[in-house]
């Protein structure tokens, strides 16, 4: 399985993880290590940015793990930009998962505010990974604005409904000149495998692992599914046929 790059970092694992909803920080750490993930996202609202004493950070200090702070909770571009600047100063990283969702019920990303924030954050030197609707036009606009990757949703955050936006994801993957990371709604290892078979560069998973009966084992399952899906993509999947085609034709043998 080939590695891939997002700006200045090379990743061997194509499985990125979220850190919310786990029963404990210890459980979270075990799942992350079992997954082989090299990039984990953490909400700024969960960290004491002044002292960095939040226990979650202690469980994420591993050589292979890179932190991706996110702006979850930001309702507009102004709030997201402010949060991004705080994160860069406190965590010493210019990497950012940009999340702007003003509606607390459905957590749908605000496309207009996300584009606005991306334009400003790119000027400030941030490496931006925006969480967005699976909108091919928006993805191209964000690319032009300076985003380092795009993170279109498969279905609503935490829904575990899988790839409900697959038709649009296919277009995004075909057109994108930056890495495509499918985020939100991936509820089973089979969903992750499908995303990789489509040609996505990576997937980000949280809820499906965090609330599983055995998060560590589920993390291992996702790791294997992502690897299998990516290998299938690299091997070039056989095209689907509209009618049956025998793998071992016997016509000539039968009628000799």
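Using N, Cα and C of the backbone, Cβ positions are placed for all residues, glycine too.
Per Swiss-Prot, the candidate among 158, 199, 213, 229 that belongs to the 1-deoxy-D-xylulose 5-phosphate site alongside 184, 185, 206, 207 is 158.
Taking Cα separation as the measure, residue 97 (active site, schiff-base intermediate with DXP) is nearest to 206 of the binding-site residues 185, 206, 207.
Taking the mean position of the Cβ atoms of 158, 184, 185, 206, 207 as the 1-deoxy-D-xylulose 5-phosphate site, the remaining residues of that chain whose Cβ falls within 8 Å of it are 18, 156, 157, 159, 160, 183, 186, 187, 205, 208. Take the binding-site residues 158, 184, 206: by the count of other Cβ atoms within 10 Å of each Cβ, the lowest one is 158.
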